[in-house]
Amino acid sequence: MNRKNLQKQAEALSRLIKHFSKSEVESLIRLYHTLVGRPGDPNTRRGIDRNTFRNILHNTFGMTDDMIMDRVFRGFDKDNDSFISVTEWVEGLSVFLHGTLEEKIKYCFGVYDLNGDGYISREEMFHMLKNSLLKQPSEEDPDEGVKDLVEIALKKMDYDHDSKLSYTDFEKAVQEENLLLEAFGTCLPDSKCIMAFERQAFTEMNDI
């Protein structure tokens with residue numbers, strides 16, 4: 001992508017994105033094209049595919065839960081075409097790295113609502129908590145411990161007592177206790193990972 005087109009695309013995207021400057025958007029576009037290939041190159045892919053994205057989540061942001069990583073991919077891939085476009089990449093990273101609490105609540109709820117029905121069900125909580133907990137060899141029935149955690153989560157967060165969490169339930173619980181934002185599994189990067197990623201993206205990519 002030539003400099004003029006890059007600046008044009010960065011300018012258009014930076015109008016949509018509130019958490020990155022125009023030069024930062026330029027760097028993220030450059031990084032995107034190193035991942036998928038240059039426009040016009042016959043080997044260039046349609047976008048960032050699921051495997052490439054999972055490698056980024058694992059190697060750069062330290063995520064290990066396959067189910068959560070798959071849901072994060074779906075959160076970025078707004079049009080559900082199985083590829084992350086350059087716009088989806090920059091918009092997704094804006095919330096992922098620097099979102100407001102409200103944006104992060106919306107994002108995390110979308111990750112945890114595994115079947116997309118607008119609720120985090122008892123079964124979904126069970127699957128996510130089971131995946132995120134280390135199994136103790138001494139436990140006779142590890143599922144019992146997970147079931148207990150699900151009940152604790154519902155008791156604390158299910159304000160309308162319908163045995164599932166609506167967005168309103170989740171939002172209210174997190175606003176009252178911010179630590180509940182990632183109650184069902186890590187789906188946001190920590191500050192150390194963010195700094196390392198931005199150092200690479202905003203410093204090293206400018207040298208390319």
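Placed from the backbone N, Cα and C atoms, the Cβ positions cover glycine too.
Values in this document were obtained by computation on a predicted structure and should not be read as measured data.
The Ca(2+) 1 binding site annotation in Swiss-Prot covers D77, D79, D81, and the record cites a curator's inference as its basis. Here Swiss-Prot flags D113, N115, D117, Y119, E124 as Ca(2+) 2 binding site. Annotation comment: Swiss-Prot describes D158, D160, D162, K164, D169 as Ca(2+) 3 binding site, evidence class a curator's inference. Taken from Swiss-Prot, the feature domain 'EF-hand 1' applies to 64-99. Marked as domain 'EF-hand 2' by Swiss-Prot: 100-135. Residues or ranges marked as domain 'EF-hand 3' by Swiss-Prot on the basis of sequence analysis: 145-180.
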**Item:** Cβ atoms near E124 (Ca(2+) 2 binding site) (within 10 Å, other residues, all chains)
**Value:** 20
**Item:** Non-site residues, in chain order, whose CB comes within 8 A of the mean position of the CB atoms of D113, N115, D117, Y119, E124 at Ca(2+) 2
**Value:** Y112, L114, G116, G118, I120, S121, K164
**Env. residues of Ca(2+) 3 site, Cβ within 8 Å of mean position of D158, D160, D162, K164, D169 Cβ** = Y119, L154, M157, Y159, H161, S163, L165, S166
**Item:** Inter-residue C-alpha distance, D77 (Ca(2+) 1 binding site) and D117 (Ca(2+) 2 binding site) (nearest angstrom)
**Value:** 17
**Request:** By DSSP assignment, list the helix, strand and coil residue numbers for the domain 'EF-hand 1' (64-99), in that order.
**Result:** 24 helix, 1 strand, 11 coil
**Asked** In Å, rounded, how far does the Cα of D113 (Ca(2+) 2 binding site) sit from the Cα of K164 (Ca(2+) 3 binding site)?
**Response** 11
**Fill in**
Residues in the domain 'EF-hand 3' (145-180) per DSSP class, helix first, strand next, coil last, are 26 helix, 3 strand, 7 coil
**Prompt:** Tell me, how many other CB atoms lie within 10 A of the CB of D117 (Ca(2+) 2 binding site), whichever protein chain they belong to?
**Reply:** 10
